[in-house]
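Visitor: So Swiss-Prot lists these for the protein:
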SIGNAL    1-22  signal peptide
BINDING   W79, N191, Y265, W329  substrate binding site
CARBOHYD  N100  N-linked glycosylation site
ACT_SITE  E192  active site, proton donor
CARBOHYD  N273  N-linked glycosylation site
ACT_SITE  E299  active site, nucleophile
CARBOHYD  N334  N-linked glycosylation site
Amino acid sequence: MKHLLSLVCTLGAATLAASAAAEAGSMPSANGLDFVIDGEASYFAGSNAYWLSFLTNNADVDLALDHFAESGLKILRIWGFSDVTAEPSDNKVYFQLHQNGSSTVNTGPNGLERLDYIISGAEKRGIKLVIPLVNYWDDFGGMNAYISAYGGDKPGWYTNDKIQAAYHAYVKAVVSRYVDSPAIFAWELANEPRCSGCDTSIINQWATKTSSFIKSLDPNHMVAMGDEGMGLPGDSNYPYSYYEGNDFALNLAIPDIDFGTLHLYTTDWGVSNNSWGNKWVQDHAAVCKSAGKPCLFEEYGMKGNHCTYELAWQKTALATPGMAADLFWQFGENLSSGQTHNDKYTVYYGSNEWKCVVSDHVAAVAVRRYRLPVGGGQHGP
């Protein structure tokens, strides 16, 4: 029996390998409550590395992508934006300049050519990239960089015609550039879009229009909000409340939104009970299951004590129908210039924490992978 089981596993692995090779050029997609990558419908693990987009040393990019792929991680979320209001003098990477009432996309060596290199490298290694196209926050320019050039305020960003025209022009420049790349997992409308105190219709209408626009440019790839998952019924407390202008279920129902996204930062949100995060994951999964679309648990982390709490959240996500993948915040690396930015959430490759947050989790994902029915997001016996 032992030898038979070994033979079955070997043949199964060979079949999966052959299937993956045959489907390696296919585009990631959603199938029911599952994601499909390289022809395989399964649960996937990954991370975030915002800093990758701004590296200028190709060897550093290669090192990071190699370590990521070798670790068994599959989905990597990187920034697809870097908005400035004055052209940098130090060859700093930026993607768009907003100045004097106009916007210019930087397609040069310190612009979108940096994304070109990353995406090419991801293609070679079978890594799939989630790319948000603007930041709500001021880091790397954000929405306020548009406002500096065109006027207005944050709540008005979503409805300002001049701002939206510039944003759409940038979206078109980026999305059209990579329409045929199998490395793109999904385009995201923004990183953590909010509209504090606004009616939820503002973000919903903006997301409906923008997701349709992206699909018209690129029908090959998935589109998602990139939001934190705020706005759920049954609890009036933050972040379940609708204060930030988001309605998770309403936005998930948009036809051109392919999956739901959620983030989890108990400390930042003023939640003292970290086990609260398990319910946050389960409640979103229930909405995704009802909508028939998968959930991507795309950002989560703790400032220190990563193994204790993040492991619990990972186990909950892995065990909950409706959750299809998770990406911890964030992947850290030792580059030629030193360590990448340590925001206290960072888990560095090769560290002791890497084993529990990454290696052990990847192994658990592999166990589930062979028990997961296609399209159902359910468990085997």
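Cβ atoms are placed via backbone N, Cα and C, with glycine included.
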Visitor: Could you measure the widest C-alpha to C-alpha distance across W79, N191, Y265, W329, the residues recorded as binding substrate, and give it to a whole number of angstrom?
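Guide: So the maximum pairwise Cα distance among the substrate binders is 19 Å.
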Visitor: For W79 (substrate binding site), what is the secondary structure state per DSSP, taken as helix, strand or coil?
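Guide: For W79 (substrate binding site) - judged by DSSP and reduced to three states - the answer is coil.
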Visitor: My understanding is the cutoff is Cβ-Cβ under 8 Å with a sequence separation of 6 or more in the same chain; which residues meet that for N191 (substrate binding site)?
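Guide: N191 (substrate binding site) has long-range Cβ partners W79, F81, P132, V134, N135, Y136, W137, G226.
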Visitor: Using DSSP and three states only, what is N191 (substrate binding site)?
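Guide: Its secondary structure by DSSP: strand.
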Visitor: Between Y265 (substrate binding site) and the residue listed as 'active site, nucleophile', what is the CA-CA distance rounded to a whole number of Å?
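Guide: Cα-Cα distance, Y265 (substrate binding site) to the residue listed as 'active site, nucleophile': 8 Å.
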Visitor: Show which residues of the chain containing E299 (active site, nucleophile), separated from it by at least 6 in sequence, have their CB under 8 Å from its CB.
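Guide: Correct list: N48, R77, E228, H263, L264, Y265, L327, F328, W329.
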Visitor: Using all protein chains shown, find which of the recorded positions W79, N100, N273, N334 scores highest when you count other CB atoms within 10 A of its CB.
Guide: W79
Visitor: To the nearest Å, how far is the Cα of N100 (N-linked glycosylation site) from the Cα of N334 (N-linked glycosylation site)?
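Guide: On Cα coordinates alone, these residues lie 39 Å apart.
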